[in-house]
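Working notes, structure below.
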Amino acid sequence: MGSLFRSEEMALYQLFLQSEAAYACVSELGELGLVQFRDLNPDVNAFQRKFVNEVRRCDEMERKLRYLEKEIKKDNIPMQDTGESPEAPQPREMIDLEATFEKLENELREVNQNAEALKRNYLELTELKHILRKTQVFFDESVHTISYNATSYKSRRYRQMADNQNEDEQTQLLGEDGAKINQSGQNLKLGFVAGVILREKLPAFERMLWRACRGNVFLRQAMIESHLEDPSSGDQVHKSVFIIFFQGDQLKIRVKKICEGFRATLYPCPEAPTDRREMAMGVMTRIEDLNTVLGQTEDHRRRVLVAAAKNLKNWFVKVRKIKAIYHTLNLFNLDVTQKCLIAECWVPALDIETIHLALRRGTERSGSSVPPILNRMQTYENPPTYNRTNKFTKAFQALIDAYGVATYREMNPAPYTIITFPFLFAVMFGDLGHGAVMALFGLWMIRKEKGLAAQKTDSEIWNIFFGGRYIIFLMGVFSMYTGLIYNDIFSKSLNIFGSHWQITYNKSTVISNKYLQLNPETTDYTDTPYPFGMDPIWQVAGANKIIFQNAYKMKISIILGVIHMIFGVIMSYYNHTYFKNRLSLIYEFIPQMVFLLFLFFYMVLLMFIKWNRYSAKNYGRYSASCAPSILITFIDMVLFNTPKPVPEPCEVYMFGGQHFFQTIFVLVALACIPVMLLAKPLNIMKQRRQGNVQPIAAGSTSDVEVGMSNGQISQGVDHHEEEELSEIFIHQGIHTIEYVLGSVSHTASYLRLWALSLAHAQLAEVLWNMVLSNGLKKENWFGGIILTVVFAAWAVLTIGILVLMEGLSAFLHTLRLHWVEFQSKFYQGKGYAFQPFSFESIVENSSSSSQTEGE
C-alpha cells in the first residue's frame, strides 16, 4: 500500500560526519526536511554542549534583529518580503553578519540617544517659552495688585472665612513691615519660582503647597494649550505653567522640595522685562535651530531603518537557520578522536537516496574529502509515524491526528475521510442554497490561497478557516448535492421535472387548509417516483410532510451508519493481516463482523424489503397499512418475543421463514460474544504453556512482535515486560464489552444525521416564514423598501445562524461520528508523529511566535 493509506516505512540510521563537513551536511538535510535526529546526549546540560557558544551568538543576533524590527514597525516602514528562503550561511559568514548587526544596532542606538537628548532639550526650551509668555502678566502688576490678588485668591478658596481673617493672612504673607510698606504705597519684592507640571498633578500639588507652607505662598497657574511630547516614551502630555511667590529662604527651600516631589520642572525666569524679552528671543532662535537638527536626525534614522528593512526578513531566516543547525549539532556525539560527529536519525525508507545526494552536496560545499557514512541500524523501538501529505490532504490528516497519531504502519483513516466526512456533514446540512454559500467561500479561499497565505495573520479563527479551505469547499459541494436530493433551497423547493402528483385542489384550498395532506392511496399520485430527489409538492403538504421526511431521513441515517461501521471493521482486517496478527484476525475480526452483520445489517435489509414490498397502491397483505414496524420487529427478534397477531389479511412477517432466520441470527450473534471475550486470551495462555512463542508484550494487541529487520515486518523477540494473564483477560473483557454495547449505541448515534437535518430544515423554514415572507407580502414602492431591510436581516441571520452556527454544529457531530463510531473499530492512534529537522517549519514557527510576542 502507498503512504496515503498507511504511514511511511521508517528506518533508523547511524550517520558519521567529519567535523568540517558536519555544518554543511546538516544544512542540506534541513533544506530537505526528511530526517528526524535523536538526542544522543540526553543527560548533558544544555549549557555544557559543544556548540552552546554558537547558539548564544545566534540568540544575540536574533535579539539585535528584533530590536531593529521593533524600531522599523514603530516608524511604519514596510519590510520587503520576496517570499524566497535564502540558504543557511557558511560559518565564516556568521562573523560578517554579527559585525553588520552590531554596527546597525550601535548606529541606531546612538541616533536614538541623540534624538532623545535633542527632544528633551527642545521640550525644555518649549516649556521655558511658555513660562516667559504666561508669567509676563505677573511681573507687569504692582505689589498692591499682587497683595490684592493674594487676598482674592484666599477668599475664593475659603469663602467661609471672615474679612478680618483675610487681613491676618495678608499680614502673614507680607509680614508686618511689608504690610506697612504696602499701605504706604511702596513696591513689595517677594521671592518666586516658575516651572511646569503635568496637568493632572496640579490639584494635589496646590493642596500640598497650601498645607506645607501654611498659606504663606501665592500660586498662579495657566494651561499650555498645545500638546507636548515626552522624549522618553513619545507620548503626548498636557502640562501647565505655574509661578509661586513666597517670602524668605526657608519657604524657598520648602517650595523647591515640593516641586521636586511632584516632578515639576523649574526654570530660571528674570524679573526685568528687558531680560525676559532677550531670553525669549534667544529661546526662539535655539528652538528653530533644534528643529533643523531634529529633522536631519530623523531623516538619518529613517534612512538607516529603510536600508535595514530591505534585508531584515532574509537576516531573520539566515540567523534562525544557523541557530537550528548548531542546535541540531548539539544532539550529536563526538568520537574519541574529536574529528568525527556521530548521529542517529529516523529516515523514510523511500527517501534514502535523496538523503545520500544531500549529504554528498554538503560534503562538496564544505570542501571535505571524506564522505559521510550512513549505516542502517536494527531496532525494536517503535518508529515515528509519517504520513506524506499535500495541501489538499493536509487538512484531512490534521483531523485524524487531532484524535491521535496513528500507530506505526496501521491503516490511515484520512483518505477515506476525504469522502465520508463531507458526505456525512452534507446529510445533516443538506440545503442547496446554504451549501452554495459554503462552497463559494471555500472556492474563494482556494483561488486566493497564495495571497492569503502570504499575509500570515495572527487571527486563530481565520487560520482555522483557511487551513480547512478544501474541507469547507467539499462540505459545501456535498451539501448542494444532498440539498438537491432533499429538494431544499433556503427551505423552498425546485420544480424542475414537474410534480408527479395530480393535484385537483384549487388555490384557495391550498392556502387556507393548514392540514392539507398527500395521500398516495388516492388517484392523485401517478405511481412513478420523482426522477431526482423529493417531489416539490411535498413543500405545500401539511401534517404529513414532516412525518414523511422524518421516516425517510431516519432510515437513511441508520443505513449509512451501519455501512460506515462495517467499513470500519473491514479496516481492522487489513491491520490484522498486515501485522500478521492471526489471533486477532480469527477471534476478533470474524466474530465482530458476524455480530454486526447478523443483527444490524439485517435490520438494514428489513428496511429495503419493506420499501420494496409494501406500497400505498398495493392491496391485501402488502398494503401500506399492513407494513410492520421495523423497530418493533428488531426488538422482538432480540428478545425472542412472539409478534402480536394482526388482523386479516395482514401478516406479522415480511417474508417466509423470517422467524427461523431471525432466531438463527440472534443465536449466532450471541455466540460471538464469548468468542470475542475468551478465545484470544485462552489461546495466548495455551501458547505460553506450550512454549511455542515468546510471552506477549505489555500493551501489545498482536501475537507477534513487529521488528525492523532490513525494512521488513517479521517475528521478533519481545524486549518488554511480560503482561500478566489476568491483565490480558481484563483488557479483552473491556474490549468485548465496549464493542457489543458500542454497536448498539453507535448505531443509535448515527440518528444525529436525521436530527440535525430536521433541525436545519426547520430553522430555515422559520427564518423564511417569520422574516423574509413579511417583506414579500408588501406591495408598491413602500414594499420595496421594506423588502430591502427585511432581506438584509434575513441574509445576516442566514449566514450567522444557518451557515456558521449550524455548519459548526454539523461539523462537530461529523467529527464525533468519525472519531468514535468509525475509528474505534480499527484505529489505535498510539503512535508519535515524525518531526523532521526542517528549515521550513522552523522558520515558519519562529515567525509566528515572534509576531505573537510583538502583538
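Each Cβ is built from the backbone N, Cα and C atoms, and glycine gets one as well.
Note that TrEMBL annotation is computational and uncurated.
For 51-128, the entry in TrEMBL reads coiled coil.
Cβ atoms under 8 Å from those of the transmembrane segment (418-446) belong to residues 393, 396, 399, 452, 465-466, 469-486, 488-491, 494, 556-557, 560, 564, 752-753, 756-757, 760-761, 764, 798-799, 802-803, 806-807, 810-811, 813-815, 817-818, 822 of the same chain, restricted to positions at least 6 beyond its ends. Summarising the annotation, TrEMBL assigns transmembrane segment to 418-446 (among others).
Among the features that TrEMBL reports, transmembrane segment is placed at 466-486 (among others). Panel annotation: around the transmembrane segment (466-486), residues 391-392, 394-396, 398-399, 418, 421-423, 425-427, 429-443, 445-446, 449, 452-453, 494, 532-534, 549, 757, 761, 807, 811 of the same chain, lying at least six beyond its termini, place a Cβ under 8 Å from a Cβ of the stretch.
The list of residues near the transmembrane segment (556-574) in space but at least 6 beyond its ends in sequence, with Cβ under 8 angstroms from a Cβ of it, reads 411, 413, 416, 420, 424, 427, 584-585, 588-589, 592-593, 596-597, 600-601, 603-604, 607, 743, 746-747, 749-754, 817, 821-827. Look at TrEMBL and you will find 556-574 (among others) tagged as transmembrane segment.
As annotated by TrEMBL, transmembrane segment applies to 589-609 (among others).
TrEMBL lists 621-640 (among others) with the feature transmembrane segment. Beyond its flanks by at least six residues, the transmembrane segment (621-640) meets 520-521, 555, 599, 603, 606-607, 610, 613-615, 646, 649-654, 662-663, 665-666 of its own chain at Cβ-Cβ distances under 8 Å.
Marked as transmembrane segment by TrEMBL: 660-679 (among others).
Here the transmembrane segment (781-805) has Cβ contacts under 8 Å with residues 431, 434, 437-438, 490, 760, 763-764, 767-768, 771-772, 774-775 of the same chain, all six or more residues outside its ends. The transmembrane segment feature in TrEMBL is assigned to 781-805 (among others).
Sequence-distant contacts of the transmembrane segment (589-609) (same chain, at least 6 residues past either end, Cβ-Cβ under 8 Å): 555, 558-559, 562-563, 565-566, 569-570, 572-573, 576, 630, 633-634, 638, 654-655, 662, 665-666, 668-669, 672-673, 675-676, 739-740, 743, 747, 825. Confidence over the coiled coil (51-128), given as mean pLDDT on the 0 to 100 scale, stands at 90.
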